[in-house]
Amino acid sequence: MDYLPIFTKLENRPCLVVGGGSIACRKIHLLLKAGADVTVCALEFNPSLLKQAANKELKILEQAFTEELLENKWLVIAATNKKQVNEHIATAAHAKQLLVNVVGQADISSFILPSIVDRSPLVVAISSGGKAPVLARLIRERLETLLPMHLGRLAAISAQFRHRVKEVIKVAPLRRRYWEKLFGNGMLANLLQKGQTEKAIALMETSLSEDITQGDVALVGAGPGDPSLLTLKALQLMQQADVVLYDRLVSSDILDLVRRDADLISVGKAAGNHEVEQSRTNQMLVEFAREGKKVVRLKGGDSFIFGRGGEELEELVEAGIAFQVVPGITAASGCSAYAGIPLTHRDFAQSVTFVTGHRKTDGEELNWQALAAPNQTLVVYMGLIQSQEIQTQLLSHGRAPETPVALVNKGTTSDQHVVIGQLSELEQLGGGLQGPTLMIIGEVVNLADKLAWYQSDNKPPLSRDPFLVNLA
């Protein structure tokens, strides 16, 4: 972040605005709404400022700027139409370590004013850091249509009731859950929208007697990597969580969307390297839920497709813990789509099979005869370290050596890299790849040249030469 968003209390604080035109008027309006003690310095004044001065809403000084005007001031805004004057004001204010904003010149300002959606006491601020003010304005206009006017009343009445809630619910996480439940069902907002304040207060009171001490677990699929592929429900639960247990494949960009105060616990697993044993993960889910916490078990892709989700839920059922499951976009769907490879196609594949290259025990055998059948697409999760076995078994069971193969590395992310070759060279294709890699085997891979649409930031989308992969 170039700027840290901070809401500052300006009530009765002395503020100076230099400039008396329309731009200055807009800044002064905001300062007055926040209760600031405003002095305006200019050689000429907009008529509205003269009227406000006559009404004792602000003070005006009909003079040029001098550095003495900065004495005892807390905040300064330079809004003249003269660049040299504005720069002089900024330099003088910086020397006195005052907060200063120069309109239209973020580079010499110590703070900037965001676009604002005002539903006081609820206020939303949007800023592009001065880089795209029109974009920030358009976002504000969009939010204005989404946030109803009665949100201010909702926040105000909640503030009046906070002390009562603290008296009844002593534990902070349970208080948060009370408010989430109250705000989440929409009943309170509907009553206030209709002006039924007494009924709204009654609802808040009766809701205090409901049992909110029981924790629960949400098994959430985080998708294949791109944060924008998260479902709305997944994001909602991540924002409500007390504890999040996440896997190795969940990216930092997705973890950044979790509620700031939530505890983040890595229970990541890689083949042959279990950071936390599965049994311990199951135990933690039960323990945290019994403590009354809202627990999110965050897994890459979809929890029910090679994600051990079923094993974890069986443990919760035995312990009597309430749970819900939120599906995610599985790697096969996400990575194939971003690589331009349809998993089925009437001309090439009438079926698709998902298998994992990381099985529970080494002795488990796949039905290689069925997997080697033509006119189907085979998708292998976590198959990179088993490339030699997969190649050998498919070839020995009759799959053609020239069968197209794609390896989608770090799919759907800005680091996505797709390597395409033939089944006969599968072992060599993955030689230079590290990180999560999905294997797609079948004639549909030939469509990637035509249908590939996603150009990642860091690498070319397609490579057909293993040597190039090793150089990447």
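Count begins at 1; order follows the chain as displayed.
Cβ coordinates are placed from backbone N, Cα and C, and glycine is handled just like the others.
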Of G195, G398, G411, residue recorded by Swiss-Prot at the S-adenosyl-L-methionine site of P224, G300, G301, D302, I305, T330, A331, M382: G411
Binding-site residues compared (I305, A331) - highest count of Cβ atoms within 10 Å: A331
Same-chain residues at least 6 apart in sequence whose Cβ lies under 8 Å from G301 (S-adenosyl-L-methionine binding site): G221, A222, G223, P224, L249, G307, G328, I329, T330, A331, G334
Cβ-Cβ neighbours of P224 (S-adenosyl-L-methionine binding site) (radius 10 Å): 30
From recorded positions D247, I305, G411, the one whose Cα lies nearest S128 (phosphoserine): G411
Integer Å distance between the CA atoms belonging to D247 (active site, proton acceptor) and G411 (S-adenosyl-L-methionine binding site): 17
Candidate with the highest Cβ count within 10 Å, taken from the recorded positions S128, D247, G411: G411
Alpha-carbon distance [I305 (S-adenosyl-L-methionine binding site); D247 (active site, proton acceptor)] in Å: 14
